[in-house]
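Some notes on the structure that comes next.
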Amino acid sequence: MGTKRTGARAVSRRQVLGGLAAGAAITGFPHIAGAQAKAIRVGMPTILSGRVAILGTSGRAAVQLAFRQINEAGGIGGRTLELVDRDSKGRPDEAAKVTRDLINNDGCEIIIDGEASSGAFAVHEVIRDLPVLCLHTCSETSSLSADPKLHVKTAFRCARQGIHDAVAGGTYAARIAKEKGLKRWMTCSPDYAYGRDNTAEFLEFAKIFEPSVEVVDQVWPKLFAPDYTESITKILQVKPQAIYSALWGGDLVAFIEQSNLYRLFANIGFFSGGLGDPPVLTAIKQLPPGLNTAYRYNRNYPAKPANAAFADGFAGIAKHEPTNWAWQCYTACLFIAEALKRTNGSTEGARLAAELKGMKLAAPFAVDDAITMRDTDHTIIGYPVAWGRTVPKAPYVEDFSGVDWAKIVELETQWKKGKGYA
Amino acid sequence: MNLEALAACLSSASCAVTQVSTALIVGMLLFLVTSGLSLIFGVLGIVNFAHGAFYMLGAYLAFTAYALSGSFLLAMAAGALGVAVFGVLFERLIMSRVYGRDILMQLLVCYAMILILDDGVKLLYGGEYRMMGMPDAFALPPVEIAGGFVPGYYLFMVGVALAAGLALWLGINRTRLGKIIRALAINPQMVGALGINTTLLYAGVFGLGSLLAGMAGALAAPIRTLTPGMGVSILIESFIVTVIGGMGSIAGAFIAALLIGFTRAFGAIGFPLFVDGMMFAIMALVLIVKPSGLLGREAA
Amino acid sequence: MRPGPLRSGLLPSGLLRDLALALAALAVFLAVPVVFPQPALRDFLIYFFAYGLLAMSLNLLVGLTGLVSFGHAAYFASGAYVFGLLMQSGRVSIPVATLAAVGGTAILALVIGAICVRLKEIYFSFITLAFQMFIHSIIVTWVGLTGGDQGLRGGIPRPPILGLDLNDARTLYGTCVVVFVVCIVAMRQVSQSPFGYTLRMIRDNPARANFLGVNVVLMKLGIFVFAGAMASIGGVLLALFVSGAYPEFAFWTTSGEAIFMIMLGGMKLFLGPLVGTLLLQTLNHFVTIYTEYHGLVLGSVILLIVLGLRRGLADYLYDWLQDRRARRAPSAPVPEPVVKSRPV
């Protein structure tokens, strides 16, 4: 925090003075030539205000933790990493502007994109124009990296990807459905592109692995709806055996608590794509046991000392458990540091991108040995896509069962062919 | 469209009971928020765009009081009264300075208030999701009525909202103070000439309207997620209700809130993909056919 | 047609002087990147142009005609989307796509306006808001065409126009300057035309306008369509610059922001909204750099302006200048600025 504040202020004061003197509001300051500057500035456009502020604040805390550790260990050949974060307020045009400013005006040589959905695509287009290295750390939309038409040479995704979760979720759900004879399914997902795509893909794979799965009805509450009563009572009327939900964040917290009032989970199996995020789990006062959820983050999985150390270090800064966005941002920092080491500190976008392609990183979150940045489509594989079951007390989710990544990649390839991406 | 499902639901007692209760649950909290908005507009002629932020404030005050004291009643009181006090201060210190000016000035002041309150909440509580928690008294299985199920807390919530609405209606239509307030809405100069302190009354009415928003927020705190910016969606919904019911009409707000509640509850069964479109269509239709709303006074 | 009560502005009504000023503004804006070559300043100005057109066009409704529209961003977004979709189809050039975006938006504004302008006061505001929510929900729901909440993806291509390569940041900036100044001049001409004075009369006294045989509904519809078309050009500029179009363009917050720009700048002066746009954009730019609690800062600044100055910044300066002039020459009659409070 400290370094970032002073750094940002120094430039800004010059900006203000220049602006006053010349009558122009923004004059900025030209790049300090990369090799001489003491610190390598990394810009982070993200959402720090409004309903999803936790996305940005938790991602930022993870980057602060990573940079502190990297700098304490001697930095990159004596140079330190310095974070310049900026709020886009969740507006894509603002995200584009802020990203351009970070690169053009604040001398940021690398971008960690902490924007969700549309904002990530806006940043993606900026990077096409200004080709610095960019790591998307929040967008899970598959097309961002899977669609070759959208490919940008220096942009990478260091975040989970919808299609991977769909394969893993479908595999897990099919197994439980077979064991418990869950045939009649309903879905309850937020009514927007991510909610609909995510739900459709989950069902597609669940049906492939267990053909007896039948969808009897679907409800689509609005995104950020405060009240889910009509969806819950509709579920009560239809009486399915299992529900899949792509709800996340605060929406999911409200849905679970309101469902509790109706004892909804007493007889119905619940499968959630978003429940595994620790802030969601801790916000829910009455967490019902035995709900099935995808991994978002957990300090006990993968069971590695480095993972627990990360959780402790993160909690020291943010005062709460890490989020899904936190481990993704932290991993992105590790990728950046490793790439910088391999280029001897050169921040040129093309050189860093060449190093990142296919890079294997022994991150604390790797399910096997390493998380790999796949060179063909610039997205990570080998990260945790396990599913587990809830317990009312910390650590809230247990019994994680992973899915073999070879199988995920195989089905992902088929899916890409079907979409015309490969 | 699935009108068969709708017919089947209406003919089954259990389904009908559950969905009617859903309509009441959705509608009554909305009514509580809207009645405050409508009261302020009816008497002061002010569109309080910061009403949603007041609702949020009520929820956070209740959350804090419950966390500190563990008493549900204290939490409700803190939410409702705290916001009432805040409302009075806001009216006296800020809002009263833009009376008689362009409605856009009022909008601007309210917008500033929303920004400040949202950021204030984030500063104090952080961006995390918060939930007040259900008091033990309500941690019971849902009540069974004719085969349909209604959670105890919702019965309480609907009861409180109905009682508040009834008290408000009686207070305005059956008491001397209510008569003065009604007179104030129509001819403030005359009321002032009769030696009644209109400034105090204005502040009082604004405080009462804010109290209703705070109470709604406090009632929602155990079942809805608390985040900065949570007031926005309720503000938009309560504007739809106000427009349909008629600006300034409490009874209109009640009918319109129920209309929205029933549309959502039975729409979820009969025409799930068209619920939002339906709400929009109702609003547009009302605006075109009778711009002043179902029970609103015709614009002078 | 008799002109309504004449309001003196900073700019005299003469076309020649308007054009001279426009040329001067054009020269200044074009010179800016030569004197200050920082790309961030160019970026900032392009945003200023885009949002400035939105605010200026909205003021044709709010300040000139007295129609407080809460849904003006719908046309801003429609411009961006029509333009973006046509460019992504790869079949048309930038000027053709721009004209189609303006034309398409004008038709949209005609249909919506035909319903809305019959309503008065706050009911007009609400129905314009309702239509904007409807258009926003169409954009979010029609994923196949618009990309839903993710927006138009994959970038908007910028093929060269008559040898001008818009992929070059300076050329793009220059083009935006020219478009912006031309649009402002066009709006100025409309506002100073007999049509513009009829609109002022409708604002100040609709009954009188009606008695004089003015077709009030038709006049209101005319300015509604024109303002929508002008807003769409703002949308085109933004889409061209950010290389995409997003549903947030059509969200009510964007309309709200345009209203705040007008209020902060002032609506008495023709260029008042631009002052507000500059103020809000500058505040936003610098405050965001210093703190994530920009809402707290922005809210406090707005309160200070509203409670301290009691009017927009440009209006305040204008009144102050008028006061001084009045004190210097007490004999000269000064037209009393009409402070209109709209009953709700």
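Here the Cβ of each residue, glycine as well, is placed from N, Cα and C on the backbone.
Keep in mind that this is a model prediction, so the values were computed, not measured.
The feature transmembrane segment is assigned by TrEMBL to C:20-37 (among others).
When Cβ-Cβ distances below 8 Å are used as the criterion, the transmembrane segment (C:44-72) is approached by residues 29, 32, 116-117, 121-122, 124-126, 128-133, 172-173, 176-177, 179-180, 183-184, 187, 190-191, 196, 199-200, 202-204, 220, 223-224, 226-228, 230-231, 233-235, 237-238, 241, 252, 254-259, 261-262, 265, 267-268, 271-274, 276-278, 281, 285, 340, 342 of the same chain, each at least six residues removed from its ends. Taken from TrEMBL, the feature transmembrane segment applies to C:44-72 (among others).
Residues or ranges marked as transmembrane segment by TrEMBL: C:92-115 (among others).
The annotation transmembrane segment is assigned in TrEMBL to C:122-145 (among others).
The transmembrane segment annotation in TrEMBL covers C:172-190 (among others).
The transmembrane segment annotation in TrEMBL covers C:211-238 (among others). Counting same-chain residues at least six beyond the ends of the transmembrane segment (C:211-238), those with a Cβ under 8 angstroms from any Cβ of the stretch are 1-2, 46-47, 49-54, 56-58, 60-61, 64-65, 67, 69, 72-73, 75-83, 97-98, 101-106, 108-110, 113-114, 116-118, 176, 179-180, 183, 186-187, 190, 195, 198-199, 201-202, 245, 249.
Residues annotated as transmembrane segment in TrEMBL: C:258-281 (among others).
Look at TrEMBL and you will find C:293-313 (among others) tagged as transmembrane segment. Listed by sequence, the residues of this chain that lie at least six past the ends of the transmembrane segment (C:293-313) yet keep a Cβ under 8 A from its Cβ atoms are 260, 262-268, 272, 275-276, 279, 283-284, 287, 319.
Distant neighbours of the transmembrane segment (C:172-190): 11, 15, 18-19, 22, 25-26, 29-30, 33, 42, 45-46, 49-50, 52-53, 56-57, 60, 158, 164, 166, 196, 223, 226, 230, 233, 237, 240-241, 270-271; these residues of the same chain sit at least 6 beyond its ends, with a Cβ under 8 Å from one of its Cβ atoms. Sequence-distant neighbours of the transmembrane segment (C:92-115) (same chain, 6+ residues past either end, Cβ-Cβ under 8 Å): 74-75, 78-80, 82-83, 86, 127-128, 131, 158-159, 161, 166, 220-221, 224-225, 227-229, 231-233, 235-236, 240.
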